[in-house]
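*Asks:* I have a structure I would like to understand better, so I am pasting it below and will then ask my questions one at a time.
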């Protein structure tokens, strides 16, 4: 598997890393297409560093990416599936990766993916990743869906490739267009409504009010439970995604990892003209304090992300900006 990288102005080292990522991505796509025929990729095999259950494909993907990057310019490899940073060599780059995002969807044939982030290597392994998201030199994902696609930014817009399985090449497509200013879709797990903080409930209440509410139009809700799939949809047609912190034990800071998931997605979305925050402040200017730190996450069309932040500025007794106290499923 190879990827078309002509005219992107990449250094030889970065281009080589992208070729290695694409090669493994293509291999994983083929493996997923045969799930259940030879191996149950959704079989539980343990628990990762963050306390989440691991599927067989989580471990397979992590091992494959780590092995492929050995001997490359990647000195430090940080994986959501590993407790600590793995040192691969003495190169000039550091790569953070969620090898298999959305693994709970493997056995139901829903799109899953790989998320990656590339930094210049720092003096120590952890320092290479505990830094501002604005310091990323590349970030992207591979989505394993009806098509296998790779989306990446090198800080100059967002590029898009689709895997030509017959030729074994990720073909470059038209670049991702800027996100629209307006949107009529939002993504959130509404079953957790009772646990959300008031500002999030207020924002969703006003969207649910539709044409009769302060937004003056109807909205559709989406929820795939696969961050890569949610991101791809938003990049293709707009929208806003919310995974807030809530009052459940272990969910106070949400469930998504800053280093492995939120920072790279925030980099992509920002390069597409959108916004990304923890509900109040930009993700890209937040400093994670540990490798597996979690953060609330809101991203998508810039206006909607800013609107969520504005709801957090309302007086504490307010639960809706214009319509007073109202529940999600009440008029």
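Count begins at 1; order follows the chain as displayed.
Glycine too: its Cβ is placed from the backbone N, Cα and C atoms.
The Mg(2+) 1 binding site annotation in Swiss-Prot covers 80, 98, 100. The Mg(2+) 2 binding site annotation in Swiss-Prot covers 98, 101, 261. What Swiss-Prot records for 101, 102, 103, 104, 189 is substrate binding site.
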*Asks:* Looking only at C-alpha atoms, tell me how far residue 189 (substrate binding site) is from residue 261 (Mg(2+) 2 binding site), rounded to the nearest Å.
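*Replies:* A Cα-Cα distance of 18 Å.
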*Asks:* Which of the binding-site residues 101, 102, 103, 104 has its Cα nearest to the Cα of residue 80 (Mg(2+) 1 binding site)?
*Replies:* 101
*Asks:* Within 10 Å of the Cβ of residue 261 (Mg(2+) 2 binding site), how many other Cβ atoms are there?
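*Replies:* Step by step: centre on the Cβ of residue 261 (Mg(2+) 2 binding site), count other Cβ atoms within 10 Å, giving 25.
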*Asks:* For the C-alpha pair, I'd like the distance in angstrom between residue 100 (Mg(2+) 1 binding site) and residue 261 (Mg(2+) 2 binding site), rounded off.
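*Replies:* Cα to Cα, residue 100 (Mg(2+) 1 binding site) and residue 261 (Mg(2+) 2 binding site) are separated by 11 Å.
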*Asks:* Across all the protein chains here, work out how many other Cβ atoms are within 10 Å of the Cβ of residue 104 (substrate binding site).
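*Replies:* I get 14 for this one.
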*Asks:* Would you count the other C-beta atoms found within 10 angstroms of the C-beta of residue 189 (substrate binding site) for me?
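*Replies:* Excluding its own Cβ, residue 189 (substrate binding site) sees 15 Cβ atoms within 10 Å.
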*Asks:* Helix, strand or coil for residue 80 (Mg(2+) 1 binding site)? Use DSSP.
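*Replies:* DSSP assigns residue 80 (Mg(2+) 1 binding site) to coil.
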*Asks:* Please report the DSSP secondary structure of residue 103 (substrate binding site), reduced to three states.
*Replies:* helix
*Asks:* Give me the sequence-ordered set of same-chain residues, not including 98, 101, 261, with a C-beta within 8 angstroms of the centroid of the Mg(2+) 2 site's C-beta atoms.
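*Replies:* Neighbours within 8 Å of the Cβ centroid, excluding 98, 101, 261: 80, 102, 113, 114, 115, 141, 227, 228, 256, 257, 260.
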*Asks:* Specify the secondary structure state of residue 261 (Mg(2+) 2 binding site) as given by DSSP, simplified to three classes.
*Replies:* helix
*Asks:* How far is it from residue 261 (Mg(2+) 2 binding site) to residue 98 (Mg(2+) 1 binding site), counting Cα to Cα, in Å?
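*Replies:* The Cα atom of residue 261 (Mg(2+) 2 binding site) is 7 Å away from the Cα atom of residue 98 (Mg(2+) 1 binding site).
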*Asks:* Within 8 Å of the Cβ centroid of the Mg(2+) 1 site residues 80, 98, 100, which other residues of the same chain have their Cβ?
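*Replies:* Surrounding the site, in chain order, are 58, 61, 62, 79, 81, 97, 99, 101, 103, 114, 115, 260, 261.
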*Asks:* So if I measure Cβ to Cβ from residue 103 (substrate binding site) and keep only same-chain residues at least 6 apart in sequence, which ones fall under 8 Å?
*Replies:* 42, 54, 55, 57, 58, 112
*Asks:* Residues with Cβ closer than 8 Å to the Cβ of residue 102 (substrate binding site), same chain and 6+ apart in sequence?
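*Replies:* Listed in sequence order, they are 110, 111, 112, 113, 224, 225, 226, 227, 228, 229.
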*Asks:* Within 10 Å of the Cβ of residue 101 (Mg(2+) 2 binding site), how many other Cβ atoms are there?
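*Replies:* Cβ-Cβ neighbours of residue 101 (Mg(2+) 2 binding site) within 10 Å number 28.
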